[in-house]
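What TrEMBL records for this protein:
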COMPBIAS  158-172  compositional bias 'Basic and acidic residues'
DOMAIN    147-245  domain 'Cadherin'
DOMAIN    246-363  domain 'Cadherin'
DOMAIN    373-477  domain 'Cadherin'
DOMAIN    478-585  domain 'Cadherin'
DOMAIN    584-697  domain 'Cadherin'
REGION    156-178  region 'Disordered'
SIGNAL    1-22  signal peptide
Amino acid sequence: MQPRTPLLLCVLLSQVLLLTSAEDLDCTPGFQQKVFHINQPAQFIEDQAILNLTFSDCKGNNKLHYEVSSPYFKVNNDGSLVALKNITAVGKTLFVHARTPHAEDMAELMIVGGKDIQGSLQDIFKFARTSPVPRQKRSIVVSPILIPENQRQPFPRDVGKVVDSDRPEGSKFRLTGKGVDQEPKGIFRINENTGSVSVTRTLDRETIATYQLFVETTDVNGKTLEGPVPLEVIVIDQNDNRPIFREGPYIGHVMEGSPTGTMVMRMTAFDADDPATDNALLRYNIRQQTPDKPSPNMFYIDPEKGDIVTVVSPALLDRETLENPKYELIIEAQDMAGLDVGLTGTATATIMIDDKNDHSPKFTRKEFQATVEEGVVGVIVNLTVEDKDDPSTGAWRAAYTIINGNPGQSFEIHTNPQTNEGMLSVVKPLDYEISAFHTLLIKVENEDPLVPDVSYGPSSTATVHITVLDVNEGPVFYPDPMMVTRQENISVGSVLLTVNATDPDSLQHQTIRYSVYKDPAGWLNINPINGTVDTTAVLDRESPFVHNSVYTALFLAIDSGNPPATGTGTLLITLEDVNDNAPFIYPTVAEVCDDAKNLSVVILGASDKDLHPNTDPFKFEIHKQAVPDKVWKVSKINNTHALVSLLQNLNKANYHLPIMVTDSGKPPMTNITDLRVQVCSCKNSKVDCNAAGALHFSVTSVLFMSLFSLACL
């Protein structure tokens, strides 16, 4: 073992300085020997003295109390260090802390050959490495003060002493720093006359681990004479914090069949005690495993790292044979390196045994039967499979494929996500007369690929036998729709066509009768035996039942089955136009002022229900036999409009002008319509037509409407 020279030298140096500076004192408080070396024995024997310690507070050692860093040792009142029970190893270092109301000190026991099983308290004495007592000559001598946390009453209690060998008469000690005159204030104080340092309350290392104080001497006026000199107070850790698991919930996953030693998860706990001591040195173990089958020790936890690994063979880690694929482990973390005196904390680790696709799906039967009526679509049979894998994974979910017997793509198969069954459906109606039987070969696979050592076998395919039932199907018209073209106004009784309907049930030898189903205008008749369609009325292309020159009628074909089946056929009759509608004019009323300078009366438009070329251009004329030639005039504007004007002003009255309009059909058709013209009195922007027959339309209005009609055509 390497000697701990820096620590020992610093401790000894501080004591030497104390003795040197206080050589005029009769007694030096503390241990008379600070460091001891003993060889590691084969065993420390219970109650057998290991060594004797000598401590003095220079005031009679009243209420002397010892504390040992290891829970397996104690110091008797006479100073003898003994073991509490037989023990073979305690580590490399022990510390003994002694205190009375007047003094406090620490001794170190170094065990030569001891194993490093507990944290060294060397880090507690960082002051010994980083802040050694200065060697320059001065009269104020201080030693670091060590105070265990969680001390009980009474308070205040002396924890150390400052010595000033050259302190002038009447001078006083003054203590400053965090814990004195800085927050948290009032924890420490010093006897201004004797230099004794005391603590006033319990300390908590986890709140503040060290206090950096300063000591100085002052005169009666408070002026500093010497200092400030640093005084470090170190709070010694006590095991007062349990390990805590702070990162839960802890859930781990491991694939079934994983090799022994597979890492599952890591569990780490936190201990607020000093990490340089055994108080925060944690060890982990599994306290309980639920369920405890097939082995009570399915997992192992690394006591130092907290890593949980599998310890059973891959064969036992089989999700399909486990009682429950979920395990719950009670994990315990214990400080003091796992010794019995350590504090513990627990947490639950949940470990899921994840499924892998090591079982192929298998049909529950080699053959399945299904029956379906011809002409029907939908699900006809559910194919059942078994799979031992986890139902929540792709290793269990089935995917079905029709591999033979479906050339017309009349069948489809889908997976029921709840039951994993294969739902076989007819998607194109089947025809009994074409085929009464179908045989399908279907295979099933998983969504996830199988593991390398597992394959799909014969049980992963099945045969489905489908029987198609014959039903009485309705006759079918051919073609459908049926189309003919005829001129309108053909004579009644004209034959349009003979419909043709056949019965799909060719094996049943049934007869067919025909009837009219929908004939909106009532123009048609059908022979019920041979299907001949003729007219019962004149066909009119301009009828409201005709749309875009096409008339639509529906016919029924009814077979002799029991019950009878019906088929529907559509007849589309395209009607060719003939010139059977005379044109008509608009408007038929006009106004004009009796003193108008513009003798235009009205613009006339013409319209015809027929189609071109049986419509415009129209010819507008005045029926001359009824009116004088020297009064009215009709002038062509375009193919559909003409202007009526006066050749002279007329008296206020109503006039009837016969207008003859002729279309361009062959032969043409003519229509004569009376145009009523009112000659009105128009004075001071007022139109008076009373004398003309109670019409009140101005010539301007009539002209405007006529022009508007012209523009809209």
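Yeah, the Cβs are placed from backbone N, Cα and C, and that goes for glycine too.
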The domain 'Cadherin' (478-585): DSSP-derived helix, strand, coil residue counts: 0 helix, 50 strand, 58 coil
Averaged pLDDT, computed only over the residues in the domain 'Cadherin' (246-363): 94
Secondary structure content, the domain 'Cadherin' (147-245) (per DSSP, counts of residues): 0 helix, 47 strand, 52 coil
Tally of DSSP helical, extended and coil residues in the domain 'Cadherin' (373-477): 3 helix, 47 strand, 55 coil
